[in-house]
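Asker: Annotations for this protein, taken from TrEMBL, read as follows:
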- 54, 55, 56, 57, 81, 105, 132, 133, 134, 135, 260, 261, 288: carbamoyl phosphate binding site (BINDING)
- 163, 220, 224, 225: L-ornithine binding site (BINDING)
- 5-145: domain 'Aspartate/ornithine carbamoyltransferase carbamoyl-P binding' (DOMAIN)
- 152-298: domain 'Aspartate/ornithine carbamoyltransferase Asp/Orn-binding' (DOMAIN)
Ligand code: CP
Ligand code: NVA
């Protein structure tokens, strides 16, 4: 089987590859804004597997493939054989004979790894319980657009030590910034890849300490998909972890606010912050599409320079 490039975790891309993807994302965004057609993927097909809900991930991949001249096909667990127990290895073998690239949103990271191990074509992680690498691509790209290089900066993560937080940590290591994480006790970020993050990571239980002097403050839902049974316990445990205007004053005056969305105003973020002047959440959401187009181009065509 030929070796395809995959994007299963943020750290799958080197700093050099990321620099290229971010440069291409900016170019593809400018072309789209100018109404220019760029269709290098005519005849190419992406299969997208969704075992969890999505708005942004589905639309950004589907729109992005279409803009690149290709096509994206939606499969969910329930209406496909995936939900009836067909082995992921077999699914990978079949999908990768009919399509050129696969995107999957599922529960366990192990499922994504198994899919990739049995696929002839690139596999992209569209979110697992453990990681959300496409979102952090968009977030870092949004930071670059707004403020320039993120190297040497400080990002404050407030809330759950979840898939997003864990992916920010990988980004901090690859791109050379500091990640300060504030979680309640029992919801700390756990490292799953065996990497030593001590040079770029600080853990807190006080959101104000984590947010102090940050260049970017970011948060996410307190209850991620798949953890709904814990929602009430989490609401209590995360009391005091809402990002509000008072917390933002601990950060640098020019700090940005990001949230991957969907958001719950009055829970993890106050309306005054997400709808306020420091928030870049709408650019962040739009940039999913631009950066994923650049990622797809890179995985299928390598480093394009036109
Ligand atoms: N941020 C994000 O991944 O959104 P969706 O769940 O809507 O895809
Ligand atoms: N941490 C959230 C992100 C949603 C885009 C979840 O996994 O549900």
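Even glycines carry a Cβ here, placed using N, Cα and C.
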Asker: When the Cβ positions of the binding-site residues 56, 81, 220, 260 are compared with the atoms of ligand 2, which fall under 6 Å?
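Answerer: Cβ under 6 Å from ligand 2: 220, 260.
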Asker: Can you name the binding-site residues among 132, 134, 260, 288 whose CA is within 10 A of the CA of residue 163 (L-ornithine binding site)?
Answerer: 132
Asker: Of 220, 224, 225, which is closest to residue 81 (carbamoyl phosphate binding site) if I measure between C-alpha atoms? They're all binding-site residues.
Answerer: 225
Asker: Can you go through the binding-site residues 54, 56, 225, 288 and pick out those with a C-beta less than 6 angstroms from ligand 1?
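Answerer: Near the molecule: 54, 56.
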Asker: Looking only at the domain 'Aspartate/ornithine carbamoyltransferase carbamoyl-P binding' (5-145), what are its DSSP counts of helix, strand and coil residues?
Answerer: 71 helix, 21 strand, 49 coil
Asker: What residues, ordered by sequence, lie under 8 A Cβ-to-Cβ from residue 225 (L-ornithine binding site) and sit at least six positions away in the same chain?
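Answerer: Residues satisfying the criterion: 52, 53, 127.
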Asker: Return the count of C-beta atoms lying within 10 angstroms of the C-beta of residue 163 (L-ornithine binding site), excluding that atom itself.
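Answerer: Its Cβ shell of radius 10 Å holds 24 other Cβ atoms.
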Asker: Using all protein chains in view, find how many other C-beta atoms are within 10 Å of the C-beta of residue 56 (carbamoyl phosphate binding site).
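Answerer: Other Cβ atoms found within 10 Å: 19.
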Asker: Helix, strand, coil: count each for the residues of the domain 'Aspartate/ornithine carbamoyltransferase Asp/Orn-binding' (152-298), based on DSSP.
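Answerer: So the domain 'Aspartate/ornithine carbamoyltransferase Asp/Orn-binding' (152-298) is made up of 54 helix, 26 strand, 67 coil.
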Asker: Enumerate same-chain residues with a sequence separation of six or more from residue 54 (carbamoyl phosphate binding site) and a Cβ-Cβ distance below 8 A; give 'none' if the list is empty.
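Answerer: The list for residue 54 (carbamoyl phosphate binding site) reads 105, 126, 127, given in order along the sequence.
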Asker: Could you check which of the binding-site residues 132, 260, 288 is the closest Cα neighbour of residue 220 (L-ornithine binding site)?
Answerer: 260
Asker: List, in sequence order, the residues of the same chain other than 163, 220, 224, 225 whose Cβ lies within 8 Å of the centroid of the Cβ atoms of the recorded L-ornithine site.
Answerer: 127, 129, 132, 160, 162, 164, 221, 223, 226, 227
Asker: Rounded to the nearest angstrom, how far is the Cα of residue 224 (L-ornithine binding site) from the Cα of residue 260 (carbamoyl phosphate binding site)?
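Answerer: If we compare the Cα positions of residue 260 (carbamoyl phosphate binding site) and residue 224 (L-ornithine binding site), the gap is 12 Å.
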Asker: Which of these binding-site residues is closest to residue 224 (L-ornithine binding site) if you go by CA atoms: 56, 132, 134, 288?
Answerer: 132
Asker: Under 8 Å Cβ to Cβ from residue 288 (carbamoyl phosphate binding site), same chain, six or more residues apart: give me those in sequence order, or none if nothing qualifies.
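Answerer: Spatial neighbours, sequence-distant, of residue 288 (carbamoyl phosphate binding site): 56, 57, 60, 134, 135, 138.
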